[in-house]
Amino acid sequence: MTSYSYRQSSATSSFGGLGGGSVRFGPGVAFRAPSIHGGSGGRGVSVSSARFVSSSSSGAYGGGYGGVLTASDGLLAGNEKLTMQNLNDRLASYLDKVRALEAANGELEVKIRDWYQKQGPGPSRDYSHYYTTIQDLRDKILGATIENSRIVLQIDNARLAADDFRTKFETEQALRMSVEADINGLRRVLDELTLARTDLEMQIEGLKEELAYLKKNHEEEISTLRGQVGGQVSVEVDSAPGTDLAKILSDMRSQYEVMAEQNRKDAEAWFTSRTEELNREVAGHTEQLQMSRSEVTDLRRTLQGLEIELQSQLSMKAALEDTLAETEARFGAQLAHIQALISGIEAQLGDVRADSERQNQEYQRLMDIKSRLEQEIATYRSLLEGQEDHYNNLSASKVL
């Protein structure tokens, strides 16, 4: 607290109390200087003066320079009286303002103290036991991310393998269709050969029937010729021996039989060789077809296994993505809650700073008021000292 004081010498007039003090002028009456108190933000200002003895007239300033100044012998006249009255009024209003500001300042200090007691930082919480859980969750998230990347890589590899197997399957399927087309062509050739064989068998049967018919005709002709030859022999006994027709027919018969047998053997040999060749080709293509079918079956089984594995990997990936999204959402909600708490604390801190700034401005304003009051008090003091000198001069002149 800063205090200002000044002393007054003896005078012959009297003034009433200023603020909480009182001034009386008269024979043997003491004058106590006014007391001014003001404060802002826990600081105070006081102005006090010493007492002096006076006599003669009496007057009063009550309620903080709120009284009326009285003088005798025309000591205070004209502008000086008005100036003193104006200073009285202004000082009274300033004191009222100071009291009101002190009351408001006290209320603000009480409110700030209550707010700090209610909103002050509580005991610091120990979050160290959450760090292990957070680190474990981070490790799990990192592991899940790595596992997800590995699964994605495996899925890509499986997709590439599936594409490769699909290409092989399409190639084998095209080869199978080509082999089936060749088999169908060979079957048509086999059908044609079967028809040719049947035709040849029918031709052989026809040749056999024709041979039998020729044999029968030959025998009939031989019988007829024998009958004719026998009749001629009986008629012409003395004639020379004729041509042996039986031998000629027998030779012709043997030649036809040899030719027929040769044709039959040639046809059977050609048919047999052709049939064996076709059977070998059919067996080779059948074996190749069986191999292709078994390979296609294996490829289809492998493709189904890869598709099942792909579906399982996709399901695992979806589950991991859901887990990751849930974890991110949970941590996002916690982070948003913490951010909201931080924002609320920052807002409260901003309010406190604004209140502090406002109180600082109020304090500066009160200091300005205090400076002006000090200047006016100095002016008031100079006026009082001038009046004391005037009273002293008048007293001295009366004594003389």
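We number each residue from 1, going along the chain as drawn.
Cβ coordinates are placed from backbone N, Cα and C, and glycine is handled just like the others.
Note that the structure is predicted; figures quoted are calculated from it, not measured.
Listed in Swiss-Prot:
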- 80-391: domain 'IF rod' (DOMAIN)
- Arg7: omega-N-methylarginine (MOD_RES)
- Ser22: phosphoserine (MOD_RES)
- Arg24: asymmetric dimethylarginine (MOD_RES)
- Arg24: omega-N-methylarginine (MOD_RES)
- Ser35: phosphoserine (MOD_RES)
- Arg43: omega-N-methylarginine (MOD_RES)
- Arg51: omega-N-methylarginine (MOD_RES)
- Ser57: phosphoserine (MOD_RES)
- Ser72: phosphoserine (MOD_RES)
- Thr323: phosphothreonine (MOD_RES)
- Tyr391: phosphotyrosine (MOD_RES)
- Ser395: phosphoserine (MOD_RES)
- 1-79: region 'Head' (REGION)
- 80-115: region 'Coil 1A' (REGION)
- 134-225: region 'Coil 1B' (REGION)
- 249-387: region 'Coil 2' (REGION)
- 388-400: region 'Rod-like helical tail' (REGION)
- Ala267: site 'Stutter' (SITE)
- Thr327: site 'Stutter' (SITE)
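Annotated features, which come from Swiss-Prot, shown on the structure.
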| residue | record | CB count, 10 Å |
| --- | --- | --- |
| Ala267 | site 'Stutter' | 17 |
| Thr323 | phosphothreonine | 14 |
| Thr327 | site 'Stutter' | 15 |
| Tyr391 | phosphotyrosine | 23 |
| Ser395 | phosphoserine | 15 |
Item to check | Average model confidence [pLDDT] within the region 'Coil 2' (249-387) | outcome: 85
Item to check | Nearest recorded site to Ala267 (site 'Stutter') by CA-CA distance, among modified residues Thr323, Tyr391, Ser395 | outcome: Thr323
Next on the checklist: Can you give me the Cα-Cα distance between Ser395 (phosphoserine) and Thr327 (site 'Stutter') in Å, rounded to a whole number?
Outcome noted: 99
Checklist outcome for this item: For Thr323 (phosphothreonine) and Tyr391 (phosphotyrosine), the CA-to-CA distance in whole Å is 100
Item to check | Per-state residue totals over the region 'Coil 1A' (80-115) - DSSP helix, strand, coil | outcome: 36 helix, 0 strand, 0 coil
Checklist entry - Distance between the residue listed as 'phosphotyrosine' and Thr327 (site 'Stutter') at the Cα atoms, whole Å? => result 94
Item to check | Three-state composition of the region 'Coil 1B' (134-225), taking helix and strand from DSSP | outcome: 92 helix, 0 strand, 0 coil
Checklist entry - How does the region 'Coil 2' (249-387) divide up by DSSP, counting helix, then strand, then coil residues? => result 139 helix, 0 strand, 0 coil
